[in-house]
Structures are given as C-alpha cells and as structure tokens.
Amino acid sequence: MRPLIVASLPIKKIEDLKLIENFLDADLIELRLDYLREREVSLISDYYEFLDKYKKKLIVTLRDKGEGGINQLADELKIKILNELYERQYLYDIEVSFLQKYDIPYDNRIVSVHYFNYLPTLEKIKEIVSKFSEKAFSVKIAVPSLKGYKEVLLPLLEYENVTVIPMSNNSLERIAVGLLGSKLVYSYAIEPLAQGQLYYKKVIQIFNYINDITTSSLVT
C-alpha cells in the first residue's frame, strides 16, 4: 500500500487559497497558513464556505515558528482557528509542544514534532508515538540528518500510523521511508518548503511506477 502524497502549498496571501483547485490530484493538500501575517490568518473564517468543498483533501497547518514556521501567530488566535477547524471536521497539524500547553483536540488529526539542532533518542520519540498514535490520524516525526538519524527513524516505521521525515537534501530518502511504511510523504505544490522535497506530481509518478513494477512482477 503506497503512502498518501501530500502537496504542501504556502499561503502567502489569503487569495492563494483559490489555488487549491490546481492540486486536487494529490492525495492531500497542506495549507501552510503560517506564511500569512496574523491579520490575514484571522480572515480564514471568511473562506470556510469555499474550503468546505475541498476539506476531505486538506491539511491545515499553522506551524509554530520554533518548529519551522514562517510567521509566529498569537496562541489565542491559533487556538480559536484550531477549534473552528475541529468543529468543521478539517484535518489539521498540531505540534506536540502546543498540545503540552493547551487542551486542543487531536483525535484523527496530525500530531507533529520537529527537531532541527539535535537528534532525540529513539526512546523519547517512541514515548511521543505511544502517547498520541492511538487517537491521532498520524504522528509525524521530523529529524535532521545528523549522525545516527536513520537508527532513530527506521524503527518508528513499525508503527501503523506514523509519518517520518528525514530532513536531508537527499530526496530519495523521503521516497524510501514512504516505501517502508511512512503514512504520509510530503512534497511541494509550487516551491520546496523544506529540504529534500520533490514536486508532488513527480512523487506520484514515482510511486505509480513502483506500483506498476510490483504488480507486473506478481503477474509474471
């Protein structure tokens, strides 16, 4: 079973939400709302009627700056929007660090943690996965390509709904973890938003090609 292909779309002005229609061939489209200033983020409710048409395709992300976000949002605004999204049954990405501070619902949502400057221990990551994986849609773990990072990431693929992201310039590593069991593979819709991201259509093409090879080998 192939992973779900996510096309990450930076929303740099509120009107960029209209671009969603260009990427519906991806399994999921991540709307990176942290590219907006607070004033524009607060206008998101004006677009719910439009977004509702596509919500089964969407991941809404308000990434904290400390975890790779672009613009920091006030916690109060983020809480308000996340609660609205939950009520409207949208899939969103919420950081472990935010859940530790606030009582935000995360059932059937993406719970994430991003490490940039150091490599956590496997035991620490397993603790996070064990805590959130039963209720979450996926627990997403992103780590830098420091010495020993593969030994941290690969054992996590034994879990059913874990997404692992090697923050490496080697794009093939993202494909590899998808083949080995990562629930989601992140790619870009317009421009790379992180190290190693490939264009989403290319990622779809790669996995379709691998699927064709696997299927034909089973037939023969």
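A Cβ is built for glycine as well, from the same backbone N, Cα and C atoms used for every other residue.
Small disclaimer: the values here were computed from a predicted structure and weren't measured.
Just one of Arg2, Arg39, Arg174 is listed by Swiss-Prot for the same 3-dehydroquinate site as Ser8, Glu30, Leu31, Arg32, Arg63, Gln197, and that one is Arg174. Long-range C-beta contacts of Ser8 (3-dehydroquinate binding site), restricted to its own chain and to partners at least six residues apart, with a cutoff below 8 Å, comprise Ile29, Glu30, Arg32, Tyr186, Ser187, Tyr188, Ala189, Leu193, Ala194, Gln197.
Arg174 (3-dehydroquinate binding site) sits 13 Å from Lys140 (active site, schiff-base intermediate with substrate), taking the Cα positions as reference. The Cβ neighbour count for Lys140 (active site, schiff-base intermediate with substrate), using a 10 Å radius over every protein chain in view, is 23.
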